[in-house]
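For reference, Swiss-Prot has these:
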BINDING   39, 64, 65, 152  Zn(2+) binding site
BINDING   41, 116, 152  substrate binding site
BINDING   183, 184, 185, 186  NADP(+) binding site
């Protein structure tokens, strides 16, 4: 079968190779891949900045945002059958089986020794087929086949917002207005989720208000703001207060500024990564005073557990019902497996690249 691989630590190593098709073992399903989303992690692996090959292998099959169709079920599998649409979760428990991994929450792994499909120590899904234990397979309705690769990134945001709401159970809290920083895939999915929850949502990004990203955000009823026209610091007075802010750019000054700008008793959810490790000048006293005196909270979120994937399925159906075609509009670049390396070279106008395997 065809598979898209990288050599971790080696820049621009992405390539298509032939591999033996995996065989389905007991308790597993063989999945024929339909499509795979491409994200920044895949690009960073190809840049040699990240990624870990499976033990005994010098390459890594990339891709962790895949939807496919069950082709074969192994012995003991009773909850799925050939023809079912499925998505596999990404993170696997650490070998030490820490408390959270034993509790089916490897996204909160205590040791950091977890494995991740297509990222850390396990081959991913950017291939014609993969096998997976039923413990990590989520079923989707057939109508989500063409957008199912969005479930994994959506589950990450779903988790972050769920955890933010859980933190806010510390008091009586009725959020009305949200600010999302960033209009990449995570930012737009956060916009959709918060709009689906009934909040007034403002999405701030660098592209012009006539850009595809702006149009997609506004289809959901959000207000798109070009940061070149309205800087972040001006937004609370003009459009706020913001009860929840989701930071999805990875630009760390925004993360810390959000802690100052969020409403009294509000919460900031940090979903963007900052891999460049740059130093920035900040008024740390200002941030601390604001957080303490106004009872604010901030939390980070990464990966997701099974319940977030399952909630994500319901969320995608709700978004699909309210705004038909909205999820599909995120796919602005499509490639085949043979041309998959091109999917890792996105422009600033691209929202989401997807590799269509079948």
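Cβ atoms here come from the backbone N, Cα and C positions, even for glycine.
On the structure: features taken from Swiss-Prot.
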residue	record	contacts (Cβ under 8 Å, 6+ apart)
39	Zn(2+) binding site	64, 65, 153, 185
41	substrate binding site	50, 64, 119
116	substrate binding site	64, 90, 91, 92, 122, 303
152	Zn(2+) binding site	37, 64, 65, 66, 87, 89, 90, 304, 309
183	NADP(+) binding site	191, 203, 204, 205, 207, 213, 214, 216, 217, 224, 351
184	NADP(+) binding site	205, 213, 248, 249, 351
186	NADP(+) binding site	153, 156, 157, 248, 271, 272
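Secondary structure at residue 64 (Zn(2+) binding site), taken from DSSP and collapsed to helix, strand or coil, is coil. Those same-chain residues not listed among 183, 184, 185, 186 yet with C-beta within 8 angstroms of the centroid of the NADP(+) site C-beta atoms are 182, 187, 188, 189, 190, 213, 248, 351. Secondary structure at residue 183 (NADP(+) binding site), as computed by DSSP, is coil. The record gives 39, 64, 65, 152 for Zn(2+). Within 8 Å of the mean position of their Cβ atoms, the other Cβ atoms in that chain belong to 36, 37, 41, 42, 63, 66, 90, 118, 149, 153.
Summarising the substrate site geometry, the residues cited as binding it (41, 116, 152) extend over a maximum Cα to Cα distance of 13 Å. For the recorded site, residue 39 (Zn(2+) binding site), the DSSP three-state label reads coil.
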